[in-house]
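S.K.: The structure under discussion is supplied below as structure tokens; questions concerning it will follow.
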Amino acid sequence: MKPLIAIVGRPNVGKSMLFNRILREKSAIVDSTPGVTRDRHISPGEWQGKQFLLMDTGGYCPEGDVISMAMLEQTLMAIRDADIILFLADVRSGLTYDDLEISKLLQRTFQHKQIFFAVNKVETPQLSIDAESFVSTGFTKPYFVSARDGSGVAELLDDMLDSLPVQEKQLVEKDLPTNLAVVGRPNVGKSSFVNALLGANRLIVSDIPGTTRDAIDSRFTRKKQDFVLIDTAGLRKRTKIDAGIEYYSSLRTDKAIERCDVALVMIDARTGIENQDMKIINMAVERKRGVLLLINKWDLVEKDSKTSAHYEKEVRSHMGNLAYIPLLFISALTKKNLYRAIDTAQEISENRSRKITTSALNRFLEVALAEKHPSTKSGKELKIKYMTQIEAPWPVFAFFCNDPELLQTNFRKFLENKLREHFKLEGVTVSLRFFKK
């Protein structure tokens, strides 16, 4: 198990910038607005051959509004989970009441853990002198660092990782987890869905749209299969995306889809499917990811025996050529169909990686050609000789014929639909390639 380092401190002391400095990437959203990192964000890191997990947290606010209190709860959970606590303060704003409160909490309640205290933004000789005042927090060795230029960070990492027991060589996993990106517009219930699955208030949830700004990874096991759930900030219409925070959050959603095997696209049952939902679905399809549509908050819809069938018909008519994507009616609140959603997503992931023998494909081709002969505008006959599957992360099939230019769009769509139906390739993009032979 990799050791977990949690960066904690009051808002706007530079926790996310230090997180990014250590990982050498813009992984957490960094902005001058206090409280921008609202949740816990975990990423793997390595220093001098030693592997670890680094956790960024929302700012610790002893008192505040509902979001601040939720951030406080998440920070306390992070502290309990961590092997090492990195307490960060800001030399430019000086030692504050909140800094002292955090210091007392750590030294009284979590004295059994490895705690390192660092003063950030120490970038000039005068600031180094100012940082000496932080000794009064009670920590014997404050580290003076700058997340912006990297000074002092190497020494801090050396000492933190040297404080841990010698790591055993990391084992290589034979069975990789299935990566599921939970995506959708703001406030459709993505975090509530993840929390209900994990059985803990892992992500900040409130009625305020956009309370989950980062993509957050959570790992769990079901039926001996490991899963990674990637929860993201909801995608908004472009006109509503402000420069800075919302831009990076939308980019995070895009990257989450890029990382996943299956995108769980969630919509609110009360509002139905909208154009923005279709943009998210198309984003996943264009990246050849598996897709499962989740109709959340189904418990809030007045219904009779025909409601679900009528609702599904309306959704599929809106989806057009993507109507092959499976959908489930769920409720994160009542937990209706939550585990069925995970089981279906796993089936889609397996469909996406399925390998079909050439003999089975050509038996299929013979039956398909007997059912529908390809027509052409020129009158010249299109002759498909055989087909095979090409090595790829999703189903890609190669057809060898006399002239690929003769292929009509409707016949291509016929073959695609028949392949998906015959080999039960539910929820996955099927790519067809035609070559002259």
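Positions of Cβ are set from backbone N, Cα and C atoms, glycine also.
As annotated by Swiss-Prot, GTP 1 binding site applies to 9-16, 56-60, 120-123. Marked as GTP 2 binding site by Swiss-Prot: 184-191, 231-235, 296-299. Taken from Swiss-Prot, the feature domain 'EngA-type G 1' applies to 3-168. Here Swiss-Prot flags 178-353 as domain 'EngA-type G 2'. Taken from Swiss-Prot, the feature domain 'KH-like' applies to 354-437, supported by sequence analysis.
I'd like to know what surrounds each of these features in this structure.
M.R.: Reduced to three states, the DSSP call for Lys15 (GTP 1 binding site) is helix.
Around Trp298 (GTP 2 binding site), the C-beta neighbours below 8 angstroms that are at least 6 residues distant in the chain are Ala269, Phe329, Ile330, Ser331, Lys336.
Summarised as a single figure, the pLDDT of the domain 'EngA-type G 2' (178-353) averages 81.
Taking H, G and I as helix, E and B as strand and the rest as coil, DSSP gives the domain 'KH-like' (354-437) the counts 31 helix, 19 strand, 34 coil.
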S.K.: Mind telling me which of the binding-site residues Gly9, Gly184 has the densest Cβ neighbourhood, counting other Cβ atoms within 10 Å?
M.R.: Gly184
S.K.: Mind giving me a neighbour count for Val122 (GTP 1 binding site)? Other Cβ atoms within 10 Å of its Cβ, every protein chain shown.
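M.R.: Val122 (GTP 1 binding site) is surrounded by 25 other Cβ atoms within 10 Å.
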S.K.: Could you say whether, by DSSP, Gly184 (GTP 2 binding site) belongs to a helix, a strand or a coil region?
M.R.: strand
S.K.: Enter the number of other CB atoms within 10 angstroms of the CB of Asn187 (GTP 2 binding site).
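M.R.: Excluding its own Cβ, the number within 10 Å is 18.
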S.K.: Quick one: what's DSSP say for Gly9 (GTP 1 binding site), helix, strand or coil?
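M.R.: For Gly9 (GTP 1 binding site) - judged by DSSP and reduced to three states - the answer is coil.
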S.K.: Report, in whole Å, the straight Cα-to-Cα distance of Asn187 (GTP 2 binding site) from Val122 (GTP 1 binding site).
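M.R.: Cα of Val122 (GTP 1 binding site) to Cα of Asn187 (GTP 2 binding site) measures 39 Å after rounding.
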S.K.: Let me know how many other Cβ atoms fall within 10 Å of the Cβ of Lys15 (GTP 1 binding site).
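M.R.: Counting Cβ neighbours of Lys15 (GTP 1 binding site) within 10 Å gives 30.
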